[in-house]
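*Asks:* Take this structure first; my questions come after.
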Amino acid sequence: MVDKVTEIVNFGMAIDVVRTLRQKIIAVRRKLGIGVCLRTVVLIFCLTFFWVQMHMSDVADNESIQILAKPDGLLDANDSMLQLVPQHLHKYLVALPQRDRPHQAILPGNASEHIATAVSLNASEIRRLIDQQNSKQVVLNEDVYGPLQNDSLVIVIQVHTRIMYLRHTIVSLARARGIENALLIFSHDHYDEQINELIQMIDFCKTMQIFYPYSIQTHPGSFPGESPEDCPRDIAKSDAIKRKCINAMHPDQYGHYREAKFTQTKHHWWWKANRVFNELDVVSNYSGPILFLEDDHYVAEDFIYMLKLMEKSCSVACPQCSILSLGTYLKTYNFYGEAKAEISQWISSKHNMGMAYNRTVWKQFVDCADTFCKYDDYNWDWSLQSVSNNCLSHEFKVFVLKAPRVFHIGECGVHHKKSCFDMALIAKVQKLLSSVYKYLFPEKLEVTYAPIKKKVLRKGNGGWGDVRDHELCLRMVNRQW
């Protein structure tokens with residue numbers, strides 16, 4: 001609001017300048033001939049134009065500074081959006097006051113993604129903190145909400161560094177009916193004190209944090225991070241062999257060498273699922289479905305209710321369905337009329353958002369670990385598609401909602417470098433859910449069937465030719481690392 005007032009005042013100043021110049025032109029015209037007057041007008045117009053442009057540039061710079069400084073207050077630049085969020089949840093959209101943190105600083109970077117990084121902690125210190133956290137297996141708020149029950153829900157959220165998106169993901173979870181009975185497990189591939197503080201603020205359900213221990217952050221100069229001895233991505237294999245770089249003999253199918261920032265996501269997804277199903281004490285006796293989300297997913301208020309309704313309907317309509325999917329990438333959604341769910345072949349590009357599956361299905365994944373871990377694609381979902389197509393006796397079937405309850409609000413990922421936090425997209429999802437609220441919490445689901453499509457054997461996107469990635473992936477499920 002202050003910026004708008006300042007802009008109006010400055011614009012008024014510009015008008016005053018123009019008026020003053022106009023008065024001077026009239027005076028000149030009275031004293032001089034019309035030809036001189038025209039030349040004077042053109043000259044003054046050009047000078048005025050350049051002055052206004054320079055001034056507006058300064059205003060834009062000031063606005064950028066205001067955006068960068070925004071974490072000291074509300075992180076939501078759109079006040080109207082806050083009206084859609086209950087007052088008691090605004091705390092998740094507010095950055096905590098900066099206290100004295102000798103090991104932490106706010107780094108400049110993407111103006112729309114405020115990232116706090118432990119800059120003075122070295123990799124060994126971060127590994128020590130991660131090992132401590134993983135070994136303790138602390139469940140927060142268990143004293144308030146009680147132990148995990150088999151009819152509860154476990155939700156696992158994969159987190160990188162996008163705290164701005166994560167804030168809105170948490171707000172959407174807080175608004176969900178039945179969330180007090182859930183356990184939220186946040187899985188991190190980056191140790192970040194500000195993100196830790198945000199998660200530890202959560203008071204609406206039980207929470208837990210786990211940390212992927214083989215990250216770029218914890219291995220900055222060696223595998224699984226990037227080593228100086230690694231081959232550059234685009235070097236020819238013959239030149240790589242001459243250079244004697246470590247992975248010279250193992251480019252991907254397109255002749256490119258590994259990039260750690262891409263391989264990390266697949267490793268993290270695989271490690272996270274194995275950690276939850278096989279290593280966490282809190283879920284050791286839990287046999288229900290586990291819902292997998294990411295830090296840029298936004299959930300509807302009835303997503304837990306719908307997941308349980310899908311379980312009930314699926315047990316009758318599609319007992320062979322392995323995966324429940326609450327999300328979709330459709331551009332338009334139909335919430336009106338009868339609530340519908342579709343039985344379909346699982347397709348990685350359509351059904352990878354808001355996936356839920358149980359321990360039995362995870363065991364099928366692990367039994368096909370060799371296929372998953374050696375498939376030349378750095379995407380976990382495409383690799384899972386290879387498991388479905390090439391390893392299982394029957395392809396995965398999915399039970400998917402036609403009107404989604406999980407929405408993708410992230411405008412960028414590892415492939416994007418530009419500023420990409422889009423408040424308008426979040427507002428659009430919020431307003432959509434508000435407008436269709438009366439259609440949420442349906443009593444039943446109408447089941448439909450998607451046409452069966454011919455199996456397509458995909459070549460894969462590459463990026464996963466290095467045998468070290470294959471071995472690490474396999475060791476994660478064999479606990480040999």
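Heads up, the Cβ atoms here are built off N, Cα and C, so glycines get one too.
So TrEMBL lists these for the protein:
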BINDING   Gln158, Val159, His160, Thr161, Arg162, Asp189, Gln264, Thr265, Lys266, His267, His268  substrate binding site
BINDING   Asp296, His408  Mn(2+) binding site
DISULFID  Cys231-Cys245  disulfide bond
DISULFID  Cys318-Cys321  disulfide bond
DISULFID  Cys368-Cys391  disulfide bond
DISULFID  Cys373-Cys473  disulfide bond
DISULFID  Cys412-Cys420  disulfide bond
TRANSMEM  32-52  transmembrane segment
*Asks:* Sorry to bug you, but what's the C-alpha spacing from Cys473 (disulfide bond) to Asp296 (Mn(2+) binding site), rounded to the closest Å?
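*Replies:* Cα to Cα, Asp296 (Mn(2+) binding site) and Cys473 (disulfide bond) are separated by 25 Å.
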*Asks:* At 10 angstroms around each C-beta, which of the binding-site residues His160, Arg162, Lys266, His268, His408 has the fewest other C-beta atoms nearby?
*Replies:* His408
*Asks:* Nearest to His268 (substrate binding site) by Cα distance: which of the disulfide-bonded residues Cys231, Cys318, Cys368 is it?
*Replies:* Cys368
*Asks:* Within 10 angstroms of the C-beta of Cys368 (disulfide bond), what count of other C-beta atoms is obtained when all protein chains are considered?
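*Replies:* Excluding its own Cβ, Cys368 (disulfide bond) sees 19 Cβ atoms within 10 Å.
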*Asks:* List, in sequence order, the same-chain residues at least six positions removed whose CB sits under 8 Å from that of Cys318 (disulfide bond)?
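*Replies:* For Cys318 (disulfide bond), the qualifying residues are Ile343, Lys397, Phe399, Val447.
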*Asks:* Rank aside, I only need the closest one: which of the disulfide-bonded residues Cys321, Cys368, Cys391, Cys473 has its C-alpha nearest to that of Gln264 (substrate binding site)?
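*Replies:* Closest by Cα distance to Gln264 (substrate binding site) among the disulfide-bonded residues Cys321, Cys368, Cys391, Cys473: Cys473.
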*Asks:* Could you list the residues of the same chain, at least six apart in sequence, whose Cβ is under 8 A from the Cβ of Gln158 (substrate binding site)?
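*Replies:* Result: Ser187, Asp189, His268, Trp269, Lys272, Phe292, Leu293, Glu294, Asp295.
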*Asks:* What Cα-Cα separation, expressed in whole Å, is found between Cys368 (disulfide bond) and Lys266 (substrate binding site)?
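*Replies:* Here the two Cα atoms lie 15 Å apart.
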*Asks:* So which of the disulfide-bonded residues is most packed in, judged by how many other Cβ atoms lie within 10 Å of its Cβ, out of Cys231, Cys373?
*Replies:* Cys231
*Asks:* Using a 10 Å cut-off, grab the number of neighbouring Cβ atoms around the Cβ of Cys391 (disulfide bond), all chains included.
*Replies:* 16
*Asks:* What whole-number distance in angstrom separates the two most remote CA atoms of the substrate-binding residues Gln158, Val159, His160, Thr161, Arg162, Asp189, Gln264, Thr265, Lys266, His267, His268?
*Replies:* 19
